[in-house]
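Feature annotations, reproduced from Swiss-Prot:
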- 403-485: domain 'RCK C-terminal' (DOMAIN)
- 3-23: transmembrane segment (TRANSMEM)
- 34-54: transmembrane segment (TRANSMEM)
- 95-115: transmembrane segment (TRANSMEM)
- 122-142: transmembrane segment (TRANSMEM)
- 163-183: transmembrane segment (TRANSMEM)
- 189-209: transmembrane segment (TRANSMEM)
- 218-238: transmembrane segment (TRANSMEM)
- 241-261: transmembrane segment (TRANSMEM)
- 270-290: transmembrane segment (TRANSMEM)
- 303-323: transmembrane segment (TRANSMEM)
- 335-355: transmembrane segment (TRANSMEM)
- 363-383: transmembrane segment (TRANSMEM)
Amino acid sequence: MDAVTVNNFFLIGAVLVGMSILVSSLSSRLGIPILVIFLAVGMIAGNDGVGGIVFDNYPMAYLVGNLALAVILLDGGLRTRVSSFRVALWPALSLATLGVLVTTGLTGIAAAWLFDLHWMEGLLIGAIVGSTDAAAVFSLLGGKGLNERVTATLEIESGSNDPMAVFLTVTLIEMLASGQTGLSWGFALHLVQQFGLGALLGLGGGWLLLQLINRMHLAGGLYPLLVISGGLLVFALANAVGGSGILAIYLCGLLLGNRPIRSRHGILHMLDGMAWLAQIGMFLVLGLLVTPHDLWPIALPALALALWMILVARPLSVLIGLIPFRAFHDREKAFIAWVGLRGAVPIILAVFPLMAGLPNAQLFFNVAFFIVLVSLLVQGTSLPWAARLLRVVVPPDPAPISRAGLEIHPTSEWELFVYHLNKEKWCIGAALRELKMPGGTRIAALFRGTELLHPSGSTILEADDILCVIGHEHDLPALGKLFSQAPDRGLGARFFGDFVLEGDAQLSAVASLYGLKLDGIDGEQALGRFIAHEIGGEAVIGDQVEWNGLTWTVAALEGNRIRKVGVKFPEGRPGPGLFL
């Protein structure tokens, strides 16, 4: 490779990445998932597009795809709160195993019939597109304000279902290549090995990496690089010994993100940029890899298969996978079924048959690519609409306009929160001493216009003041009630109900106040405890229960305890305006 070729490579790469970033603003304007934009840029620059770039290096695409996916999963694990496992671990694992099997089987049967393939080749297509994609899920669910049970289930599922899809794909390729037509006990053993070794190496490697980071004294910019290199080492080791590298690096990130770690905010800041670069690079390469004119001959059967998977296979897999978990409402199940987003993973898995030289391998790749495109365009584009229709959106928590980490000591979790006080805030005109600040928080600075003031207890807050507060992440809900942009009160009233009651209120008192019948229910118990029992599992904000013709909504939690409950009356039946 001469100097001119290298320079052209840099030139083309920079132009494509830059174009992807610049046109990404179209995503929100057009309501199209940003991943589709990146994929489209690659296709436009490819063989059939205006760029005319010929790229058919499948091993290179496999390398780029795996590297990018590893970085995205590491970043996703770092940002996943382990508290979300409280409500979603077992349901997500059920969907990641049983759900993938059901989706693979149903999609495989349809694929074999639509494309006139052997049943094992049909199952191979089903396995390739059987898992939801972490990159797509993390990208499209971020900032949508979905309730915790739905968000956590989808994110954990997408981070843990790839091992099953990879295992099924590799096993079916080996069987097709060797002419084998039956399954053996080694099938189940290999699956246990994938999950077991992946989990062991992910958690073990994450713990060792955590100890190393907290004991090393390095330049600040080197800690994120150490996390990335350590995560990739865990990913590669797990793959080398027969485990799931994808699961391993996700769990490695999960452990690092939920423990005190040196330079936390620097690590998260850099990983955010690296994850974006990984998504752009991966979808650009996959867009370059496909030849659009090859998709037209299979468009109709591939569209039928995509719709079968979206409307039949995925909903049935969710319905079966969530049978043991009664805490899920039908509307939550429906939303989870709809958000079975496919992304880069199926396209990467579709490269496996090409590298193995299987007959019909190009067909498998084209079908997988078409299904991913339909999934992102149909499911991804309609996600906000589906969330509102199925009522899984909860009013957003108020948030500071910016936040930054304070590295006071190696594993410091102190942060600086910045709040803008507009004229609608109730605290305007109040003295600082009148504010009920959460314990352990301090107002560090106050800006008025361009002037820095020294805040004291007698300082009167004015409109457009900027407050800088030092605290911890768990202080954000309380601080939000004081300073942050006020949430839409109309939205809150529509969602949580006409009145909000204390969860500790005695059920008999609530029944007496609203004229409700207990019908043998223990009236001495707290309202929150009764609602939790009716939900049937771990409660999340936004959970709803119908009782005595009224809608009761979980409005606030304190740990696992329901702290506040909203009550909504039928139209035309107002209730007493009393807060218990």
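In case you wondered, yes, glycine gets a Cβ from its N, Cα and C as well.
DSSP labels the residues of the domain 'RCK C-terminal' (403-485) in these numbers: 13 helix, 29 strand, 41 coil.
The largest share of C-beta pairs under 8 angstroms with the transmembrane segment (218-238) comes from 189-209, of the ranges 95-115, 163-183, 189-209, 270-290, 363-383. Proximity of distant same-chain residues to the transmembrane segment (3-23), defined by a Cβ-Cβ separation under 8 Å and at least 6 residues beyond the stretch ends, is recorded for 37-38, 41-42, 45, 53, 277, 280-281, 284.
As a whole-number mean, the pLDDT of the domain 'RCK C-terminal' (403-485) in this prediction is 83.
Tertiary proximity for the transmembrane segment (241-261) is limited to same-chain residues at least six positions away from its ends with a CB under 8 Å from its CB atoms, namely 66, 69-70, 73-82, 134, 159-160, 162-163, 166-167, 190, 193-203, 205-207, 209-210, 213-214, 227, 230-232, 234-235, 267, 411-413. Note on the transmembrane segment (163-183): residues 96-97, 100-101, 104, 120-121, 123-124, 127-128, 130-131, 190-191, 194-195, 198, 244, 246-247, 345-346, 349, 352-353, 356, 358 of its chain, located 6 or more positions outside it, place their CB under 8 angstroms from a CB of the stretch.
Sequence-distant neighbours of the transmembrane segment (270-290) (same chain, 6+ residues past either end, Cβ-Cβ under 8 Å): 16-17, 20-21, 35, 38-47, 53, 55-56, 58, 60-61, 64-65, 67-69, 71-72, 74-76, 78, 135, 139, 221, 224-225, 227-228, 344, 347-348, 365-366, 369. For the transmembrane segment (363-383), the residues of the chain that approach it from at least six positions outside its boundaries are 31-33, 35-36, 39, 111, 115, 121, 124-125, 128-129, 133, 136, 140-141, 144, 286, 290, 294-295, 298-299, 302-303, 305-307, 309-310, 338-344, 346-347, 349-351, 353-354, judged by C-beta separation under 8 angstroms.
Per-stretch counts of Cβ pairs under 8 Å to the transmembrane segment (95-115) identify 303-323 as the leading one among 34-54, 122-142, 303-323, 335-355.
Note on the transmembrane segment (122-142): residues 33-35, 68-69, 72-73, 75-76, 96, 100, 103-113, 115, 151, 154-155, 157-159, 161-162, 164-165, 168-169, 172-173, 176, 250, 278-279, 282, 305, 309, 339-346, 349-350, 352-353, 364, 367-368, 371-372, 375-376, 380, 383 of its chain, located 6 or more positions outside it, place their CB under 8 angstroms from a CB of the stretch.
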